[in-house]
Amino acid sequence: MICASLRQTPCTVFHVKMYFEFLHSESIEDMGYSMSKLEAETELLDGSSSNHGATDSARHNTPSHFLDHEIAQLTKLRSGPHDNISRILPGKREVPVSTFKMLAAREANYSRRGRFSKADSCHVLSKYLPVNGPWIVDQMATRAYVSQFSVDGSLFVAAFQGSHIRIYDVERGWKVQKNILAKSLRWTVTDTSLSPGQRHLVYATMSPIVHIVNVGSAGTESLANITEIHDGLDLAADEDDSFGIFSVKFSTDGREVVAGSSDDAIYVYDLEANKLSLRISAHESDVNSVCFADESGHLIYSGSDDNLCKVWDRRCFRAKEKPAGVLMGHLEGITFLDSRGDGRYFISNGKDQAIKLWDIRKMSTKSTCNMMFRHYEWDYRWMDYPPQARDLKHPFDHSVATYKGHSVLRTLIRCYFSPEYSTGQRYIYTGSHDTCIYIYDLVSGEQVAKLEHHGSTVRDCSWHPHYPMLVSSSWDGDVVKWEFPGDGEEPVPPKKKPIRRRHFV
């Protein structure tokens, strides 16, 4: 409706310019109630009011200058409006700028570009959070462990404890394109990864063999070595099959796969040579998450139950066989890592109930064991986090920022940066043991949304790379999508939360 009403006719442009000149004049201070009413109406138009949004108390309790770091400025450059649009008085800026004002400013050419910049587009799109719904994508009788969009958002992968991996065609009404029955399943499918060309999928279980499937083949049913071949990538070079794989990722060029394992190691498999190219004895405990830092593939990030994040530079690794650096700050094990894709920043989810933001330029060459700071016995697999531990801080914390509010218990819960295309990576989002999905503002630290539906732990969730759509998967077997504004269908009612028993030692 707004776009239709702002066609570039001479009359419209004249009135829009008059409107902005009025807003930028000194009389803005005297507008009083009328200006407040305009702001309220435009905020409602922007869709910022939602029963899934952050509470007022959460917004007011967070410091306005939560993050004073270079990444805050980089995020603002990616997702902030042009200065001429946000300036309402000399030396005074308005952020965020409502969608109505952004569109009006574009028509009046206030940015002198005649169009939205990428940052302007992100500023508009990032206001429309995928908080409405949810709507059911699929329901299974077993726990959902993985849910991920492909790079272009055309496909969606969900993996379940009962050997099933399903690939959905998002653009064809979420039709199941490939129904995969995993081979050599031990306990569950722990992780999956689609190749950049979306031709192949690798999946891992609690086994040293990672399997690869051709998802571009014609058949829908893919039963391991019955209807289709699931080639095995054997990581057990010394014939030790006593370890499992927690994390697996394709490189950006699709030529390699990196994996983190329960034998405290990182593995890199060369797909073109069809052999294991690198094994690193990386940590002193399980390596729960690994990923490539950027497109070059030179840097690898790893996170472990030894509470440490490490950075590995493959260009100089063989010379010294040590990490390029260590990042301390978590008081408990790391469950997941996500790279910003720039070879500099990444985030980690930890069993200390916190997400941490890291700048690898702050890494150390030495690590300090922090087990001495723990004065309690605790196992995240069956106990709640001890209240006395919630305010503890690592004395050598290297992190840039910490985000709290969600719950990391029972399983390796995942966290991510929001998409660059639509939000400028302005948000961080995560699943949670308390059955919800949390969205935090990276710069302010505010909890901007809390999505409630599931009846059990939300282990994974994925934000569409282009659209305001988020899909969550839970141990209740449900895979559901959240959107803005929605598809016109009635959302499913939230499930009743199970009664939880609390254990403290």
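Glycine residues also receive a Cβ, built from the backbone N, Cα and C atoms like all the rest.
Noted in TrEMBL for the protein shown:
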REPEAT    245-279  repeat 'WD'
REPEAT    280-313  repeat 'WD'
REPEAT    327-368  repeat 'WD'
REPEAT    451-483  repeat 'WD'
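Between the repeat 'WD' (327-368) and the stretches 245-279, 280-313, 451-483, the greatest number of Cβ pairs separated by less than 8 Å involves 280-313. Residues 52, 125, 128-149, 151-153, 156, 158, 160, 170, 409-414, 416, 418-419, 421-422, 429-433, 435-439, 492, 494-498 of the same chain lie 6+ residues outside the repeat 'WD' (451-483) yet bring a C-beta within less than 8 angstroms of a C-beta in it. Each residue in the repeat 'WD' (245-279) gets a DSSP state, and the totals come to 0 helix, 23 strand, 12 coil. Each residue of the repeat 'WD' (451-483) gets a DSSP state, and the totals for helix, strand and coil are 0 helix, 20 strand, 13 coil.
In terms of DSSP secondary structure, the repeat 'WD' (280-313) contains 0 helix, 19 strand, 15 coil.
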